[in-house]
Structures are given as structure tokens and as C-alpha cells.
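Here is the structure we will look at.
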Amino acid sequence: MTRLLGYVDLSEPHFVAAVLAIVFNPLFWNVVARWEHKTRKLSKAFGSPRLACYTLGGAILLLNVLRSHCFTQAMLSQPRMQSLDNPAAYHVGLALLGVGGVFVLSSFLALGFTGTFLGDYFGILKEARVTMFPFSILDNPMYWGSTAIYLGWAIVHASPTGLLLTAVVALIYMVAIVYEEPFTAEIYQQKASQACKRS
């Protein structure tokens, strides 16, 4: 880590912007989704939970594009690492991009748009927990697939800055998982309790 930090200017504006984007995105979607779950104000404003969820999902996608742009600009603005600047590392990076892409895309296909973009906070609940691939082999495959994509992108660019930012991505996702999973479980417990009361 010390060697990595020797390559990275932590005060460089593109790096700072990338860190802020990485931290902001999960904070934004968790705060907005919990506020919606508590108040239903977005659903009321847009006329339906589904339309409100689609709108939040669109905002999250745009924020993720911005985050990726900031990540790339931060890498390009700082030095490359010679030990990563070789064909073997490049191909490892491409493999990580491919694996990460498979996890992200297959997660999206398994969950659908509303399942991916916090539909359960809008009252759009799945009948049961999704257990098909990639959930059959990995918890939170969307987050870890995204992390693998950033890691692969950093290695392809032989970028110590990218590696450090990928560690920030992984750390923020771990915090998000700790924050999200109990709340999501509680939503489905409430659903199960209501179903029991009606039967």
C-alpha cells in the first residue's frame, strides 16, 4: 500500500472528484430509498411507485456514468506503474473486466430493473429471494462485479491511482452492504408478517 501511495497524489483534483463520486453514489441511493420507504413522497410525486423507482434508477445510472468518468480521469492524470505495464497484466485486466461484466449483467437480468434499483423500498417486492446465477455463487454480485470492472480497468491502464480508487470502491460497497442488508431483510419480514395476518 505504501508503494502504491508513492505513485498517487491524493490532493490532485481529479482524484478528489473520483473519491467524492465513489462515496456519494451509495450514500445518495440509500438516503433517497429509505426516505421513500418512510414517506412514499416520490411515489406520490410521480403518481406510482414503479415510475418513481424508474426515475431513481435513471438517476443512479447517470451518477454511475459520472463516477466512471471521474475514475478514468483520475487514472489518466497520474503516473502509470511500470510493473503493471505489460501484456500479462493487461490480459488479467481484460479478464477481470469480462468477469465483472458477466456478474453485473447477469445480476440485472435476474433482478430486473426494479429489483436492481431498490424497488423493494418502493413497495415493489419480489415473491421470493433470487437464488439463480449469479446469486447462487456469490452474495451481492452486482457490487462485486462492479468492483471487478474497476479493478480490471485500473490494471488495463497500469494505474496505481486506479488500484487505490478500486480499494475505495470495495470499502464503500462493504459499508453499503452492512447498511442495506438488514433493512431489506426487515422489509421482507414485514411482508411475511402481513401475509400471515391475512391468512
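Placed from the backbone N, Cα and C atoms, the Cβ positions cover glycine too.
Here TrEMBL flags Gly98, Val99, Gly100, Glu180, Glu181 as S-adenosyl-L-methionine binding site. Listed in sequence order, Gly152 are the same-chain residues six or more apart from Gly98 (S-adenosyl-L-methionine binding site) with CB atoms under 8 A from its CB.
Residues or ranges marked as intramembrane segment by TrEMBL: 13-33.
Under the heading topological domain 'Lumenal', TrEMBL lists 1-12 (among others).
Taken together, the residues in the topological domain 'Lumenal' (34-45) have a mean pLDDT of 96 on the 0 to 100 scale. Sequence annotations record features per position, and here TrEMBL assigns topological domain 'Lumenal' to 34-45 (among others).
A Cβ distance under 8 Å defines the sequence-distant neighbours of the topological domain 'Cytoplasmic' (67-93), meaning residues of its chain 6+ beyond its ends; these are 7-9, 12, 14-15, 17-18, 20-22, 25, 150-162, 165. Annotation source TrEMBL lists topological domain 'Cytoplasmic' at 67-93 (among others).
Through the fold, the topological domain 'Lumenal' (115-157) approaches residues 29, 33-34, 36-37, 40, 42-43, 49-50, 52-54, 56-57, 60, 71-72, 75-76, 80, 84, 89-90, 92-104, 106-108, 163, 165-166, 169-170, 173, 176-177, 184, 187-188, 191 of its own chain, all at least 6 residues removed from its boundaries and within a Cβ separation under 8 Å. Look at TrEMBL and you will find 115-157 (among others) tagged as topological domain 'Lumenal'.
If you look up TrEMBL, you'll see 179-199 (among others) marked as topological domain 'Cytoplasmic'.
For the transmembrane segment (15-32), the list of distant contacts is 8-9, 42, 56, 59-60, 63-64, 66-67, 70-71, 73-74, 77-78, 117-118, 161, 165, 168-169, 172-173, 175-176, 179-180: same-chain residues at least six beyond its ends, Cβ to Cβ under 8 Å. According to TrEMBL, the transmembrane segment annotation covers 15-32 (among others).
Annotation comment: TrEMBL describes 53-76 (among others) as transmembrane segment.
For 88-118 (among others), the entry in TrEMBL reads transmembrane segment.
Summarising the annotation, TrEMBL assigns transmembrane segment to 130-156 (among others).
If you look up TrEMBL, you'll see 162-179 (among others) marked as transmembrane segment.
Taking the Cβ of Glu180 (S-adenosyl-L-methionine binding site) as centre and 10 Å as the limit, one finds 20 other Cβ atoms among all the protein chains shown. With a threshold of 8 Å between CB atoms, the same-chain residues lying at least 6 positions outside the topological domain 'Lumenal' (34-45) that come near it are 52, 55-56, 121-123, 183, 187. Every protein chain shown contributes to the tally, and the Cβ of Glu181 (S-adenosyl-L-methionine binding site) ends up with 12 other Cβ atoms within 10 Å.
There are 21 other CB atoms within 10 A of the CB of Gly100 (S-adenosyl-L-methionine binding site), with all protein chains counted. Taken over all pairs of the listed S-adenosyl-L-methionine-binding residues (Gly98, Val99, Gly100, Glu180, Glu181), the Cα spread reaches a maximum of 27 Å, rounded to the nearest whole number.
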